[in-house]
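Q: The structure follows.
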Amino acid sequence: MIDFPIKYRLIKKEKYTGARLGEIITPHGTFPTPMFMPVGTQATVKTQSPEELQQMGSGIILANTYHLWLRPGDELIAKAGGLHKFMNWDQAILTDSGGFQVYSLAEKRDISEEGVTFKNHLNGSKMFLSPEKAISVQNNLGSDIMMSFDECPQFYQPYDYVKKSIERTSRWAERGLKAHRRPHDQGLFGIVQGAGFEDLRRQSSHDLVSMDFPGYSIGGLAVGETHEEMNAVLDFTVPLLPENKPRYLMGVGAPDSLIDGVIRGVDMYDCVLPTRIARNGTCMTSNGRLVVKNAAYAEDFSPIDPECDCYTCKNYTRAYVRHLLKADETFGIRLTSYHNLYFLVNLMARVRQAIVDDNLLEFRQDFIEKYGYNASNRNF
């Protein structure tokens, strides 16, 4: 029996919800949960240094297998000593399988039992990604937490298609487990799919739990369904997953969605949302989103969020940040990106305290009254 390199420790359950306070132990340190993970697609969180990420309390970041496989190449990163050394990050790293990018970015993809053939979005060359190749690339990257190769069907795909898809994803997960070269220092998570169909989510969960992964991801959400539909899927999916393993909701970063996921027992989240909207001057604040590029802030000498104690809000005004963005100065994007990332990482710290205090539902109500509720569940 393998001693898993990724371990989950439950510290406390919230009294009135399914929320749980815990920690995840990895070969590169321990981080508290629930946790939001900043996304470093190309082995960097856009415009942020590792030191800045550590300052804001991010104990784990995500890197993207598809992008790093294409450029600079996983074998080059292995020669550098792995992703941690390559990017000078000494805490935990999670890598996705590359599957989502194949389906969302690549052109002319063809899915078969063996894997996916597609056109490289950088140069148009023909590529092939299989469950075994996805694991091999991640083994070379050396991340602490890896993802099984899966298909991510659209939420409103027909039942028969989704059923075939989850059955293939289960077979791919089994193949990935067999191909995994480093089970003692890299933890491989299975990914539960099934769109909005309860019986298919149950079938997918049963298949993957029987394979005894060290953790489980919930995929196929935040892909066009409403907020209520996502909550409903979590309501019937999370209870199917083991209590002694981490639960990761993939691609979710809207603050209200994070809180609703925690209430249902989810531990980990990631999303490009905070840095993507920051590049357009959109900032998350205690009172909802604020587009600091708007003319209304040209002479506003208050912080982006007066209730925030991040580096940006302690040192700079809305007027100054607006000026930087209007002048296309990179420092402006650095400041808005830092603020948004800090906002979500700090939100999770406040959520953890609410679990300790057994008042998470009250916290949610107070937060949403000020921030707003994103019923469409759009990440953009």
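Quick reminder: no glycine exception, Cβ is built from N, Cα and C everywhere.
Feature table excerpt (Swiss-Prot):
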BINDING   D96, S97, G98, G99, F100, D150, Q193, G220  substrate binding site
ACT_SITE  D96  active site, proton acceptor
REGION    251-257  region 'RNA binding'
ACT_SITE  D270  active site, nucleophile
REGION    275-279  region 'RNA binding'
BINDING   C308, C310, C313, H339  Zn(2+) binding site
Q: Within 10 Å of the Cβ of D270 (active site, nucleophile), how many other Cβ atoms can be counted across all chains shown?
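A: By my count, 23.
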Q: Could you give the residue numbers and ranges of same-chain residues that sit at least 6 residues beyond the region 'RNA binding' (251-257) on either side and whose C-beta is under 8 angstroms from one of its C-beta atoms?
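A: Answer is 36, 100, 219, 221-223, 227, 230, 269-274, 284, 343-344, 347, 364, 367-368, 371-374, 377-379.
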Q: Per DSSP, to which secondary structure element type does C313 (Zn(2+) binding site) belong, with helix, strand and coil as the options?
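A: DSSP assigns C313 (Zn(2+) binding site) to helix.
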Q: Under DSSP, is G99 (substrate binding site) helix, strand or coil?
A: helix
Q: What whole-number distance in angstrom separates the two most remote CA atoms of the substrate-binding residues D96, S97, G98, G99, F100, D150, Q193, G220?
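A: The widest Cα-Cα gap among those binding residues is 15 Å.
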Q: Compare the C-alpha of D96 (substrate binding site) with the C-alpha of each of the binding-site residues C308, C310, C313, H339, and give the closest one.
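A: Of the binding-site residues C308, C310, C313, H339, H339 has its Cα closest to that of D96 (substrate binding site).
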Q: Reported as an integer number of Å, what is the Cα distance between G220 (substrate binding site) and D270 (active site, nucleophile)?
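A: Answer for this pair: 13 Å between alpha carbons.
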Q: Taking the Cβ of F100 (substrate binding site) as the centre, how many other Cβ atoms fall within a 10 Å radius?
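A: Within a 10 Å radius of the Cβ of F100 (substrate binding site) lie 22 other Cβ atoms.
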Q: Taking the Cα atoms as reference points, how far is S97 (substrate binding site) from C310 (Zn(2+) binding site) in Å?
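A: With the alpha carbons as reference points, the distance is 32 Å.
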Q: Between Q193 (substrate binding site) and C310 (Zn(2+) binding site), how far is it from one CA atom to the other, in Å?
A: 37
Q: Measure from the CA atom of G98 (substrate binding site) to the CA atom of H339 (Zn(2+) binding site) and give the result in Å, rounded to a whole number.
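A: Pair distance, Cα basis, whole Å: 28 Å.
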Q: How do the residues of the region 'RNA binding' (275-279) split into helix, strand and coil according to DSSP?
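A: Breakdown, helix to coil: 4 helix, 0 strand, 1 coil.
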